[in-house]
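Residues annotated as region 'Disordered' in TrEMBL: 1-22. According to TrEMBL, the feature compositional bias 'Polar residues' maps to 7-18. The transmembrane segment annotation in TrEMBL covers 81-101, 107-129, 141-159, 197-218, 238-259, 271-293, 313-329, 366-385. The feature domain 'EamA' is assigned by TrEMBL to 82-211, 240-383.
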Amino acid sequence: MDKKQRTYTNVSISTSPQEAAAGLDPLVQPINDQDDEPVYIHRRSSVFFVPTSTINPNEEENKDENQSNLVRKCFLYMERFSGIIYALLGSLLFTCTNFALVQLNIVMIDFLFIRILVQGLISLVFILYKGYRPIPDSNKLLVFIRSIFAAGGSISFYLSLSMLPLPDLTTIRYTQVVWTALLALIIFRDRITLPTIIASILTLIGVACVTQPAFLFAQSKIHNETLQDKVIIKNNNHVFGTLLALSCAFSVSMSIILNKKLLQKNLRQSIIMFYFLFITLILCVGMQVYYWIFSKSNRLEFNLKKRFLTKDFLFALSIAILQLLPMVLSQKSIKREHPSIVTVVQSSDILFAIVLQNLFSSIKTNLLALIGSALVLTSIFIVGSHKLWLDQQNRTYVPTSTEENTLQVQAKD
């Protein structure tokens, strides 16, 4: 009697790398299109691995014997978990470069202008090389609105980078995972779920612990007037930086939702990214002109040598080029692992920022901020795990033996 062979498959349309890339932060989204089949469906390390054929137990034993070498096993595991490794490396590199930027005496808008200019030129070359039409035939308004949100989120992130400690900014920025889930419920009219409610509550508590607003947490009284004035200025910068960080999280969430809408309308990711970079570049130039000409309190003299030919700025230029690597690593990770797993792994930015802040900075993270970061990480894990579980439910059992097929047909009749 033949043994029944079982094969599992995903009958729903699996998340393509293009859709997975649309769910990333615009700062780490790849420029090129992701048209290939996701590798994680056939990768044993992934929870989405689907065996395409039945493996003979004897062959499995022979493979185990042949792979007994320790070095080969290490390389095998590295290959199996390469999606997670790529995501971790991308997060570490992005956090380290941002931490290095904070230590430099440069204007963040200058840095963002250089980075977006380099990234935009690469994007334009890619579009021309592929022969795409830069101007979309339809949905021009939706592309423009998405570009405004993505550009606003990116500019808000770099502006708040000089006002907030990096762990606080990173924690608030990653609340976009929960905001995206909530906005998807509103826009796509999905049913709200218990994990989303729990994650939202944890996110709000976590943000409150990280920002520590004065109306919730008692502040120590200072009797020295000079010190008090400095503390007031510092608190005002912290409040403004917090508002910018929250606007960054919300803008990124809106851009992710609109990006997925545009992909549903068959618009290429490379075109979407090009317009985001173009709008961001225009806004950066507009802010530079405002500070140089129209701002009375922050009027700056345009001096090419003093502003752009300094040691710090040249170092920042190398960082801007280096920040293109996390985009490549993100592209590789979303091809090799499920998007929900990539999202959870990328939230390790928060942990990396906390470690860097407490090792190399005089500003230390207090216990309350650590608790807030832990709560936000927990909410991200809840949202990611829930999405992963929902996708796993879309798998159905496919009978492969003749007897099982006959029973299935009879059941339908």
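Every residue gets a Cβ built from N, Cα and C, even glycine.
For the domain 'EamA' (82-211), the mean pLDDT of the prediction comes to 87. Sorting each residue of the domain 'EamA' (240-383) by its DSSP state yields 117 helix, 0 strand, 27 coil. Remark: the transmembrane segment (271-293) makes no contact with the transmembrane segment (366-385), by the rule of 3 or more CB pairs under 8 A.
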